[in-house]
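Before I ask anything, let me first share the structure, which is written out below as C-alpha cells.
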Amino acid sequence: MTAAPPAGAASKVNWPVFTISAAIIVAFTAWAAAAPGPAYEVLEGAFTWISGTLGWYFILTAAIVVIFVLIVAFSRSGRVKLGPDHSKPRFNLFTWTAMLFAAGIGVDLMFFAVVGPATNLRVGPGAAEGTLQAAEEAALWTMFHYGIPGWAMYALMGMAFGLFAYRYHLPLSIRSALLPIIGRRARGATGDVIETTAVIGTVFGIATSLGIGVVFLSFGIGWVFDVEAGTGTQVALIILAAVVVTFSTVSGVDRGIRRLSELNVLVAILLMLYVLISGQTVQLLNALVKNFGDFVARFPGMLTETFAYDTSEAWLDEGWVEWWTIFFWAWWMAWAPFVGLFLARISRGRTLRQFIIGVLVVPFGFIAVWISIFGNATVSRIRGGDTDFADQAEDFEGSGYFALMAEYPGATFIIGVSVLVGLLFYVTSADSGALVLANFTSKTRDTTSDGPPWLRIVWSFIIGGLTLVMLLLDGIYTLQMGTVIVGLPLSIILYLLMAGVWRALRLENYAADSHQFTLSSALSERIVASGEGVRGQWRRRLARHMHYPTEAEVTEFMNTVAAPAIEEVAAELDSQGAEVRCSRGTVPGTEIPHMDLHVYFGDQPEFKYQAYPIAHSVPSFAPRLRPRDEICYQVEIFSATGSLGHDIFGYTREQIITDVIDAYERHLAVLTMNEEAGSPVTMEVGEVPDQWDHDRTRPGETSRPTEGDS
C-alpha cells in the first residue's frame, strides 16, 4: 500500500478539465470584448428562449431537490455518516453552526435585501403595485429566493462530495458521485465533460457575485469619497481581487484572510442590529414575525409556482419570473459546487440528517432575518411617499442600499463601514473562488490537498476578465443572462448527483438489513458450538469488561490469538477460490500489530475485516486497579466504512473466526440483495485505509484539526 501524501500537499493539474474549461471561458471573454453587440444578442436570445420555454423546468428541478434532501434526512438513510461509522465531527455543534451561519452572508445579500423587496413592491406577483398585499409579500419573495431551495442544492452537492470522499475513500470531486450510475466512465472522458461543465458554471456563478459586488462597491466608494464612480472604479476593484488572490497565494496569508472574513461577519451582524434598533424597531419586529409565519404557510405553493394562470400581459412583460425566480435557481446551481465543497469539508463525521437540517435551517435563518429587516425598512420608506428613494432602491447600479442607510443616524460612518464590510466579502469571495476552481481542475490526491498555487492565480485573472467584459456589455443584467444559460447543463448534473447518492444509499440500507438476514445463521452456529465448558464462559465474558489491557497485553493478544485466527480464515477462503489479501501492519507510534483481511468481488464492494488496536484513556468508572491517567487499548473491528463498534480483546481463537464469518456473511447478504434488485448498484470505492487514527481524538486531546484548517 502506498504512503499517503502529506496533508495539504498540492495536487496535479487535471489538464483536460482545466484546458477545455479555461479555453472556453477565455474564448467567450475575448469574443464578447471584440464584438460586444453580437455577443449581447446571442446572450439575450439564449436567455429569452431558456427562461421562456424552460422556466417550468428550473422551478420543477428546485422542488425535486428540496424533496430529495428531505427524504434523505428523514428516512433511515439519515443515520449514515459523512465519513466512517466511527468518525466524530471535527467541530463542536456551536462552531459548526457558526460556520454555517457565516456561509449565508455576502455582498450580494446586502445588495438584494434592498433591491429585491423594492422591486417586488412594484411588480411582484399576485398584487397591484403599492398595495397592502404587495407590501406584505415584498420581503417574503426575496426570502424565498434566498431560502430553502437554494440551500437544498448546496446540501445535495455537499452530501455528494462528503459521502463519496469521506465514506467511500474517493477523490473530493463531482465525478466520484457518478460512479454508481456510469461506473468507470466517470474516471474518463465522460467524467471530464461533466466536471468541465461544472467548472464553467461555477466560473459564471462567481463572476455574477463579483459583478454585483463591483457595482455595489463602486457606488459606495463614490458615495463615501464624493466622486463619480464609473468604469475606472470597477476595473480597479476587479484588479484588486486578482491582486489579493495572488498575494494570499504567494505569501501564505490564507488563514489571516479567513480570520478577517470571520470578523467581517460579526461587523455585518452589528450593521443589521443597528438598522433594527435605530429604525422603526417595533414595526420591523412585527414584520419579521409575520414574514416567518407567511413563509412557513406559503412555502409549498411558492416552491411550485409557475404563474401558469396569470393572464396579465403587462405583468408578464416585466419578466419578473425570468429575472428573479429562474435567475436565482440558476445562480444557486452555479454556486452549488463551490459552497458544497466547503460544507462537506466542515461536516465530516456528521450524519446526513444533521448535515441536511443544519444546512437548510441555520444559514437561511440568518438570511431571512437580514432580508426582513432591510427589506421591510425599504418598503416602509417607499410607502411613506419617498419616490426618489423608490427609484434608487430598484436601481441595479447599487444605490439603493446606500440611500437607505443615508437616513439613519451617523450615516457617513455607517456607509463607510458598509463599504468596508462589502469590500472584505468581495475579496474573500474572489480568493475562495479561485481556490475552489484550482481544486476542481486538479487531480486531488486526498481530501486535504489543494490545487497548485499558480492555478489559483490563473483562475483569478480569468474570472476577473469575464466579470469586467460582462459588466461592460449591460451591467448586472448580462451576468444574470449568462448564469441562466449555464444553469441549464448544471441542472442535469444535479439530477445525476441525486441518482448517484440514491444508489449509494441503497447499499447502505442493504448493509443495515444484512444484520437481520444473517442473524439466524449466526445464532445457529453458536448453538452448535455450545457444549462442554459453556458454564464457565460467563466468567471470561465478565473479565473482558472488567479489564483494561495495556500495550504489552494487546500486542501479545494480536500476535498469538487474533492474527493467527484471521490468517486461518484467509487461508481457507483462498483455498476455496476467493481473491484474498491478508496483511499485518503496525499502529503508528507503537509496536502494536494490526491485522487486515480483504476479499475482492470484482466491481462489487470489497469485504474488509481489520482488527485494529485503538488507544483510550482508562475510564473514570473503571475499578481502581490502574491509574486513571494511563492508556488502555481496545481491539476494534473495522470494515470498509469504518468501525463496527465492538472490541474483540479477550476473544478466543474460535470466537474471532466466528466473528469474521459473521461479518463475511453480512457482506455476502449485501451483495445478494444488490444483485437481486431491479437495477444493481455497481460502485467502485477508493483505496480503503488501513490506519484510522485521523478520525479519532487521541487520549489527552480535546479536538482534532479539520481538513484545510491551516
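From the backbone N, Cα and C atoms, a Cβ is placed for every residue, glycine too.
Pulled these from TrEMBL:
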type     : residues : note
TRANSMEM : 12-34    : transmembrane segment
TRANSMEM : 54-73    : transmembrane segment
TRANSMEM : 93-115   : transmembrane segment
TRANSMEM : 148-166  : transmembrane segment
TRANSMEM : 193-223  : transmembrane segment
TRANSMEM : 235-253  : transmembrane segment
TRANSMEM : 265-285  : transmembrane segment
TRANSMEM : 323-343  : transmembrane segment
TRANSMEM : 355-373  : transmembrane segment
TRANSMEM : 413-441  : transmembrane segment
TRANSMEM : 453-473  : transmembrane segment
TRANSMEM : 479-498  : transmembrane segment
REGION   : 686-710  : region 'Disordered'
COMPBIAS : 691-710  : compositional bias 'Basic and acidic residues'
Counting only pairs at least 6 apart in sequence, do the transmembrane segment (479-498) and the transmembrane segment (323-343) share 3+ Cβ pairs under 8 Å?
yes
Cβ pairs under 8 Å with the transmembrane segment (413-441): which stretch of 54-73, 235-253, 355-373 has the most?
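Answer, by Cβ pair count: 235-253.
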Would you mind listing the long-range same-chain contacts of the transmembrane segment (93-115), meaning Cβ under 8 Å and 6+ residues beyond its ends?
142, 145-146, 209, 212-213, 215-217, 261-262, 265, 268, 339, 342-343, 346-347, 350, 358-359, 362-364, 366-367, 370-371, 374-375, 378, 393-396, 398, 400-401, 404, 418, 421-422, 425-426, 429
I need to check the long-range neighbours of the transmembrane segment (54-73): which residues 6 or more away from its ends have a CB within less than 8 Å of a CB in the stretch?
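Same-chain contacts beyond the flanks: 148-150, 152-153, 155-156, 159, 303-306, 321-322, 325-326, 329-330, 332, 352-353, 356-357, 360, 487-488, 491, 494-495, 498, 501-502, 505.
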Would the transmembrane segment (148-166) count as touching the transmembrane segment (235-253), i.e. at least 3 C-beta pairs under 8 angstroms with sequence separation of 6+?
no
So what's near the transmembrane segment (355-373) in sequence-distant terms, Cβ-Cβ under 8 Å and 6+ beyond its ends?
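Tertiary neighbours of the transmembrane segment (355-373) are 69-70, 72-73, 78, 82, 96-97, 100-101, 103-105, 109, 112-113, 116-117, 139, 142-143, 146-148, 151-152, 154-155, 158-159, 162, 272, 275-276, 284, 287-288, 291-292, 295, 343, 347.
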What residues elsewhere in the chain lie close to the transmembrane segment (148-166), defined as a C-beta under 8 angstroms and at least 6 residues from its ends?
62-63, 65-66, 68-70, 72, 80, 82-84, 87, 172-174, 176-177, 179, 299, 303, 328-329, 331-333, 335-337, 339-345, 347-348, 352, 355-356, 359-360, 363-364, 447, 494, 497-498, 500-501, 504
